[in-house]
Amino acid sequence: MLIPSKLSRPVRLEHTVVRERLLAKLSGANNYRLVLITSPAGYGKTTLISQWAAGKNDLGWFSLDEGDNQQERFASYLIAAIQQATGNHCAASEAMVQKRQYASLSSLFAQLFIELADWQRPLYLVIDDYHLINNPVIHDAMRFFLRHQPENMTLVVLSRNLPQLGIANLRVRDQLLEIGSQQLAFTHQEAKQFFDCRLTSPIEADDSSRLCDDVAGWATALQLIALSARQNNSSAQHSARRFAGINASHLSDYLVDEVLDNVDARTRNFLLKSSLLRSMNDALIVRVTGEENGQMQLEEIERQGLFLQRMDDSGEWFRYHPLFGSFLRQRCQWELAVELPEIHRAAAESWMAQGFPSEAIHHALAAGDAKMLRDILLNHAWGMFNHSELGLLEQSLAALPWSNLLENPRLILLQAWLMQSQHRYSEVNTLLARAEQEMSVEMDTAMHGDFNALRAQVAINDGDQDEAERLSMVALEELPLANYYSRIVATSVHGEVLHCKGKLTKSLAVMQQTEQMARRHDVWHYALWSIIQQSEILFAQGFLQAAWESQEKAFQLVREQHLEQLPMHEFLLRIRSQLLWAWARLDEAEACARQGMDVLSTYQPQQQLQCLALMVQCSLARGDLDNARSHLNRLENLLGNGHYHSDWVSNADKVRVIYWQMTGDKTAAANWLRQTPKPEFANNHFLQSQWRNIARAQILLGDFEPAEMVLEELNENARSLRLMSDLNRNLLLLNQLYWQSGRKSEAQKALLEALTLANRTGFINHFVIEGEAMAQQLRQLIQLNTLPELEQHRAQRILRDINQHHRHKFAHFDEGFVERLLNHPEVPELIRTSPLTQREWQVLGLIYSGYSNEQIAGELDVAATTIKTHIRNLYQKLGVAHRQDAVQHAQQLLKMMGYGV
């Protein structure tokens, strides 16, 4: 719940001097990205901007306090201010910030700017007291904000110091409007206006000018002179003499002498107690000060000119001028030290009564009242946890004695979930075990269930499937239906364990149940997680169209609940990319991988490993080895600088091994094979993938026998567990093993089964990636004309993609290759004495790639008759009569040059 006063522009007070010269300068504010008002306290920054803002409708105002250093709180108020300015134009951003479904402040702002793209009118956002921000993450985000905000938007920042917002760059580009303390200082004319409306007796212009010069135009000093003159019934000149030599550092003494000591005891007590409130209204004042009719008291303080500011048009909310408020709080600690805890307790109770638990916690912490803090947390902590107010929760729990936590197991559970959310898995079990051992109260069965559900989540995160399964089942037996969150967690873990153990049908049913429960209780991140798991299971079963439809449902949920910036969104984009890659929709697959990397752009670079592996995979499918190598360099750097789950390493290793296969890098494959772990089982698609990597490396090294043993066992497991996508992949690798070891009949049998299975999976690129060896076999099958219609169509599509992307043979016949070939000692004498032209070498490469005459003509953009002439000439020079002879001749030349064909 947001405090309304923090979003209200200050009310324009009576008897204030209208700063015409500065307002004239600000009239062109919409031409700048940033308007920066900087000066020490008391120079009239807020008053000036409130005068300028009067009458502007498309303007949001955000008044900061120390608590806004929490990123989530800062984001909530900033988006609320924008919504105020735009009439709720940015609904998606508001939903994201309310549910804390954004990856970072920068990514939230990026979403905000997308929504503001169709906002046509000038838009202003005022942030007051920016000097209170000391969180570097917020500074970074606001620099991003300034770089990317719409052209029709102006940010207005008020600060006592120069904020860390990349101001120099804006200044150079003439995108910064600055007003500093020298410009804010009152002129002689403004000082005269000020005294004329504040003093009962007029003051001469010369005297006014001299007073202005004495205090260097400092508005607070002029206000204090006028206040002192009124309170003491003395002249302004007399007050000024007493003020001579006073500056901000000595102001405290002056305020004691000239303000506090000149009000009655009741008012003094009111000022000191109320200063502990960062903002105040009638109810808060009555509870904290004990005075009746708090609103009337506030208005009286305002009338006396005691530095009280209205914060909204209704006049309900007030706050002290920052300079005066800081002074009063210091005096309160001196003069009311004994009463201080009780005052803070009263403030906390009043904030709670108005529904602001975060503000109440601030005062409970200040009071040092562990019992009150405990009670607030017991009633409101889980709501705060669900709204990601994690920093304040952590601070609050740390302030509670361990004995208090032991008496309240739900708070221990909360602390454990905080650790889990920060990936401090080992600490979770340590905390829960210690609590159970030392707890004086008897935990009921439901609480045991809550503990076990969390332990199950930690166990599955840690890869301990058996313990995760045991704990999740125990939790589900212990938990009543009312403990829906823990039941969702335990059910999800149970489904994930079944998935890992290859029990796909059961896992699918459990994940569907998890989705229903999560949707029923609006636990959207678990709903999304369960749909993603369903898609993975369907993919593993070979039902890729059904997996696609699950993903569509997940994308719809992401849009509806504004989950675009959750890291889990990257997981969804990644599995969509994998599916698109399988179907040879490479541009779309690469776009999804890039989107996934964008979602994680504000996290550690290591988090992008899986999407980066997909980028490599797309390049490999295109036959673009240079680009693949470029991505691989980054991928291998990330692998060497992080600790990853075995599944992540397996996916990264997959593209590395394929790259080594394509480039014939046996040394790299051998080194990797010596070091890579060999899993004990292969009962899920994660482990199947790692064993397939091993088999591929063994085939590259010519170790056919151990590779065959691996693949036969993989296929046995895949058939029994119905891992049909893995079976499809395994058959293709087995085909390559048979082909390279000269077992052509067995190779054809494996390929035919793989083609049939692809009718279900839709696989294209898993064939394409095998390159020329696959192309040769498909050409033979197509020429035999014995394939069923679907398989024939797929074979033609695969061959077309291989010819399009895998031009090793075509690329090999470039000028550099031909020059090396002609200088090779074993080159046939016929080629040396009667060399082909460069165009004829190109035609030979395309013939070898399986192109027809018409396709070659289209590729080289020449007439078909010209191609026939080139073919006739190269046949004559090579001494061959038929197309197949030319293909065999090209193959022999490539082998002679060391290319694995």
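Every residue gets a Cβ built from N, Cα and C, even glycine.
Per Swiss-Prot, DNA-binding region is recorded for 853-872. When pLDDT is averaged over the DNA-binding region (853-872), the result is 86.
Annotated ATP binding site per Swiss-Prot: SER39, PRO40, ALA41, GLY42, TYR43, GLY44, LYS45, THR46, in sequence order, evidence recorded as sequence analysis. For GLY44 (ATP binding site), the same-chain residues 6+ apart in sequence whose C-beta sits under 8 angstroms from its C-beta are ARG19, LEU184, ALA219.
Positions annotated as domain 'HTH luxR-type' by Swiss-Prot, on the basis of sequence analysis: 829-894.
Listed in sequence order, SER181, LEU184, ALA185, TRP218, ALA219, THR220 are the same-chain residues six or more apart from TYR43 (ATP binding site) with CB atoms under 8 A from its CB. Ranking the binding-site residues PRO40, GLY42 by other CB atoms within 10 A of the CB puts PRO40 at the bottom. Take the CB of THR46 (ATP binding site) and look out to 10 A: across all protein chains shown you find 20 other CB atoms. All protein chains included, LYS45 (ATP binding site) registers 24 other Cβ atoms within 10 Å of its own Cβ. Annotated ATP site SER39, PRO40, ALA41, GLY42, TYR43, GLY44, LYS45, THR46; additional same-chain residues within 8 Å of its Cβ mean position, judged by their own Cβ, are ARG160, SER181, LEU184, ALA219, THR220, LEU323. Look at ALA41 (ATP binding site): DSSP puts it in coil. Over all protein chains present, the Cβ of ALA41 (ATP binding site) has 20 other Cβ atoms lying within 10 Å.
For SER39 (ATP binding site), the same-chain residues 6+ apart in sequence whose C-beta sits under 8 angstroms from its C-beta are LYS45, ARG160, GLY180, SER181, LEU184.
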